[in-house]
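What follows is a short report on a single structure.
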Amino acid sequence: MGGKGVMMVAILCLWALSATSEAVVTEAEPGLMMNFYKDTCPQAEDIIREQVKLLYKRHKNTAFSWLRNIFHDCAVESCDASLLLDSTRRELGEKEHDRSFGLRNFRYIEEIKEALERECPGVVSCSDILVLSAREGIEAVGGPHIPLKTGRRDGLKSRTDMLESYLPDHNESISVVLEKFKSIGIDAPGLVALLGSHSVGRTHCVKLVHRLYPEVDPSLNPEHVPHMLHKCPDSIPDPKAVQYVRNDRGTPMVLDNNYYRNILDNKGLLLVDHQLAHDKRTRPIVKKMAKDQAYFFKEFTRAIQILSENNPLTGSKGEIRKQCNLANKIH
């Protein structure tokens with residue numbers, strides 16, 4: 001073959017490789033994007049918004065549930081609604097684990113799913129419902145509007161055996177908590193902002209009696225202790241009883257920066273709250289957020305966005321569940 005022939009073969013090979021590469025790029029599965037359902041279910045986000053508002057009007061505490069759901073689901077390996085799956089004969093579901101104590105109102109996720117199924121069957125994933133309901137719940141309690149991408153698909157299994165590896169515990173050191181958040185891309189300001197969600201809701205006595213009995217933790221503000229003892233009179237509280245302390249007595253139903261002022265004043269209920277206010281790595285951030293709510297909201301928004309995009313299933317991965325508590329194969 002002459003020189004021109006060799007040159008022509010080389011050019012054709014390069015062209016073929018280029019065409020193949022373009023085809024791969026063109027055929028790549030879509031990831032998360034804003035307004036993912038604009039063509040397949042244009043009313044999806046409006047339906048979720050209206051359902052959350054309706055449920056919040058009937059049951060105020062649902063807002064706190066939405067907020068806890070996104071944290072407990074998305075922080076554990078993937079933002080894929082594995083939290084919502086029921087236990088099976090072979091495996092215990094995540095929501096049954098000790099770390100998930102106090103999680104509730106999953107039935108309301110099913111109500112939203114049913115409303116979406118009536119509008120566009122088999123289109124909207126439970127993981128997107130979980131994420132978008134958290135966004136609406138945050139707004140319902142006075143938090144910022146957070147633009148969130150959609151396009152997640154649902155996982156097939158619950159990941160109970162991995163839960164402790166990913167999900168921080170309120171009794172762990174601040175170093176461990178920082179490291180676990182860092183593993184999913186959330187830095188110290190993001191961690192401090194996310195824990196600002198303790199501004200709303202309540203903490204069951206089971207989670208804090210170790211700071212009251214057999215002796216009161218000396219780091220607690222002595223002015224706050226009588227209230228805690230009144231709300232938690234038993235050293236071994238019944239986990240099924242309604243015994244709890246409001247996280248923030250000043251503005252218990254508002255997501256605001258009052259939480260940071262409380263923990264600087266040693267009124268944090270959980271050990272992680274106390275550590276956050278006094279560890280040298282997080283105390284400066286706590287002090288800044290206590291003074292500047294706009295800064296708190298900015299970092300909170302960023303952290304929720306990172307959390308919601310943690311290792312999602314997209315494209316052909318996972319499935320769109322018919323019911324949020326059951327994988328489709330179980331039907």
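Indices start at 1 and increase along the chain as displayed.
Backbone N, Cα and C atoms are what each Cβ position is placed from, and that goes for glycine too.
Fair warning: this is a prediction, and the values are worked out from it, not measured in the lab.
What TrEMBL says about this protein:
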SIGNAL    1-23  signal peptide
DISULFID  C41-C120  disulfide bond
SITE      R68  site 'Transition state stabilizer'
ACT_SITE  H72  active site, proton acceptor
BINDING   D73, V76, D80, S82, E94  Ca(2+) 1 binding site
DISULFID  C74-C79  disulfide bond
DISULFID  C126-C324  disulfide bond
BINDING   P168  substrate binding site
BINDING   H198  heme b binding site
DISULFID  C205-C232  disulfide bond
BINDING   D248, T251, D256  Ca(2+) 2 binding site
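When the recorded positions C74, P168, C205, D256 are ranked by how far their Cα is from the Cα of D80 (Ca(2+) 1 binding site), C74 comes first. Restricting the recorded positions R68, C120, H198, T251, C324 to those with a CA within 10 Å of the CA of S82 (Ca(2+) 1 binding site) leaves C324, listed by sequence position. When the recorded positions D73, C79, C126, T251, C324 are screened for a C-alpha within 10 angstroms of the C-alpha of the residue listed as 'heme b binding site', no residue qualifies. The record gives D73, V76, D80, S82, E94 for Ca(2+) 1. Within 8 Å of the mean position of their Cβ atoms, the other Cβ atoms in that chain belong to H72, C74, E77, S78, C79, A81, L83, L84, L85, G155, S158, R159. Those residues of the chain, other than D248, T251, D256, with a C-beta within 8 angstroms of the mean position of the Ca(2+) 2 site C-beta atoms are S199, V200, G250, P252, M253, V254, L255, N257, N258, Y259.
Using a 10 Å Cβ-Cβ cutoff, C41 (disulfide bond) registers 17 neighbours.
Local packing around the disulfide-bonded residues C79, C126, C205 was summarised as the count of other Cβ atoms within 10 Å of each Cβ; on this measure the leading residue is C126. Of all the binding-site residues listed here (S82, T251), it is T251 whose C-beta has the fewest other C-beta atoms within 10 angstroms. Neighbours of D73 (Ca(2+) 1 binding site) among the recorded positions C79, C120, C126, P168, C205, T251, defined as a Cα within 10 Å of its Cα, are C79.
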